[in-house]
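Engineer: Encoded as structure tokens, here's the structure I'll be asking about.
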Amino acid sequence: MATFTYNNREIDWIYFNERVLQEAGDTSNPVFERLRFLAIFSSNLDEFFKVRVSKLRQIKKVKKSIRKPLGLRPNKLLKTLLAEINEQQIRFGQVFREGILPELADKGIHILELQDLKTKHLAKLKSYYDTHLKDGPTILNAANVSANAFADGQLYLVADLSEVDDLLFVKVPTNRLGRFVEISRDRDVYEYVFLEDILKAHATDIFPGKAIKGLYSIKISKDAELYLEEDYEGEWIEQVYASLSKRQTGQPTRLLYEGGMPKTLRKRIRKALQLGKVDMVKGGTHHNFSDFFDFPNSTGNHDLEYKDLPPLRQKDFEEADNIFDLIREKDRLLHFPYQRFGYLEKWLLEAANDPQVVSIHISLYRIAKESLLTSALLKALENGKKVVIFVEGKARFDEANNIKWGIHFEEKGAEVFYSFPNVKVHSKILYIQRKEGKRIKGYAYIGTGNFNAKTSKIYCDHALFTAKKKIGKDLEQVFRVLKRELILPKLKTLLISPYNTRQRFEELIQAEITNAKKGLPAKISIKMNSLEDKKMINQLYRASNAGVKIKLLVRGFCCLIPQIPGQSENIEVISVVDRFLEHARVFLFHNNGEDKLYMGSADWMTRNLDKRIEVLVQLTDKDIFRELKEMLELQFSDNTKARMIDGKGTNDFVAPAPNDPKIRSQYHIYESLEKQLPVRDTLKTI
């Protein structure tokens, strides 16, 4: 049996984040968008330490005698990761200091460092300090607190005092005052400083009478995992809330410290907070670059940002007097963020007010804090509809908000169901039943993205609206599982994890292998977020060895290594990182000329195939089949924002061949959908 090789998921994730950093360094992007890519990079890295590094630390606690046979070497992996991250941090600093800051300055926007400040600035800093900071900086004394007292992701300044003094930390109140302070505006010139630099400039005011050598910034990241007990006897929600409270006071997974911090001070911090060497990560002068998501464009110059691409109207939805009639006529497909998410909201509101609608079933993974969608569900309850809502209470970083909404829906009369102990519900499904004559007609929605208007503006996703009876019956089965009425659903058409998704995809790959061995054309094209499951990767390797031509578009980490003789020479992998976040999962199998095309919520990760409830659907309507297939092919033709994935992290851009036009797939998709529209002013608005 062939021995196959794979990339480590953590290392390949680092390669993915490098692609984000590439966008920050790409001078063809507007400067404010480059700044936001730095913010994305920083936010991604924070989550990586909170989630993935915390798991490695848990593995370290397992006895070596158990780890070794399993091939688990967390210490070695951590060192490799930290070395890669350190190299990225150096490039990050270069992009910011040598690329973005000078370009901002050319546009009249100056982010000043302490050493840049002149006498006129110091007076303004003093005025700001006296007004906003003088009375209340929070100071923590390491002699009285442990690492638990430090909030996750919060900025602090540590005072470099004499070693006989206590180790003191100053909390930087960004939650109250924001991160960036405008200190000067003169015609077309705007000057800003970081909030922590105002505190640094007033160190002697904060610590009167002490000999201060300096103030240095730090940030602690903490374990973000929820540790839930399967046999917990209390209320499930109480257990989640208890675990969430531990997240803020939990085990540190990283202390990011300012690069110029003296070694003696670092040692004192490590000892006081009981941290290991591997927990201490060197950073730049300033941390929390995710705050640059909110950096203001005070100039009003919109050329510093992406040109506006408003979500497009869709002709059929726009002209429909009744969306139920539209869906009953034929299947419909929408593409976000290119087209309006508002059509889904409009349909739900229509259902809420339709006297013929008898029930609404929906699964919610990430609930927006306020939205028209939640308002429509509440309206349906107000109008006496049966509303069944499955709320995923373990959606990372959205747990508290989701549970809050679940409680609110229950109070308003909805039937609300929450997570299974060891299974997340990641599906994006909606099922509406409507009385039409003497029968009940079902209408279904299956998406690749969340029911969230905010993320629909930046995540590339697809949404199917259908009245096909078999799909509706399968969704009824899924919701019965979610309501604990059914353990094993009887499925006719849908792919539902953890029941039949893996098996069906293995069958589809095997069919391509069989055709290739017969000398028939055999091809597979797949777009997904992440590829990690070794069984599915092995199937793709076997297909490659049989002669199947395979194209993969993987945005995030990819454990499959392409272009290896005897393993994957027939597999090409690209990744597109651009203005919008590629989030859809689409699967195309040639099937000897009778293409089979699927879309849904599942990546090819073990958790998506075996440990989550996911829903995928085959597209059979010829019009939407053709539209989505053409869209997929266009993305594989991207030669502007696509990178070749080689398993080594080189991330070389795909270059256009001589005389070939440049294709930036996201913009080409938008333009192709825009061309389908009639004259704008003849269209109704939502």
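Glycine is treated like the rest: Cβ placed from N, Cα and C.
Quick paste of what TrEMBL says about this protein:
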ACT_SITE  His426  active site, phosphohistidine intermediate
BINDING   Asn44, Tyr459, Arg555, His583  ATP binding site
BINDING   Arg366, Arg396  Mg(2+) binding site
DOMAIN    421-455  domain 'PLD phosphodiesterase'
Engineer: Reduce the DSSP letter at Tyr459 (ATP binding site) to three states and note it down.
Structural biologist: strand
Engineer: According to DSSP, collapsed to three classes, what secondary structure does Asn44 (ATP binding site) have?
Structural biologist: helix
Engineer: Return one of helix, strand or coil for Arg396 (Mg(2+) binding site), based on DSSP.
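Structural biologist: Assignment for Arg396 (Mg(2+) binding site) reads coil.
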Engineer: C-alpha of Asn44 (ATP binding site) to C-alpha of the residue listed as 'active site, phosphohistidine intermediate': distance in Å?
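Structural biologist: Checking the Cα atoms of Asn44 (ATP binding site) and the residue listed as 'active site, phosphohistidine intermediate' gives a distance of 20 Å.
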Engineer: Which one, from the recorded positions Arg396, His426, Arg555, His583, has the smallest tally of other C-beta atoms lying within 10 Å of its C-beta?
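Structural biologist: So among Arg396, His426, Arg555, His583, the recorded positions given, the one with the fewest Cβ atoms within 10 Å is Arg396.
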Engineer: For Tyr459 (ATP binding site), identify the closest of the recorded positions Arg366, Arg396, His426, judging by Cα separation.
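Structural biologist: If we rank Arg366, Arg396, His426 by Cα distance to Tyr459 (ATP binding site), first place goes to Arg366.
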Engineer: Could you please provide the mean pLDDT value for the domain 'PLD phosphodiesterase' (421-455)?
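Structural biologist: Mean pLDDT, the domain 'PLD phosphodiesterase' (421-455): 94.
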Engineer: Roughly how many Å separate the Cα of His583 (ATP binding site) from that of His426 (active site, phosphohistidine intermediate), to the nearest whole number?
Structural biologist: 13
Engineer: Other residues with Cβ within 8 Å of the Cβ centroid of Asn44, Tyr459, Arg555, His583 at the ATP site?
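Structural biologist: Other same-chain residues near the ATP site: Asn529, Gly556, Leu581, Glu582.
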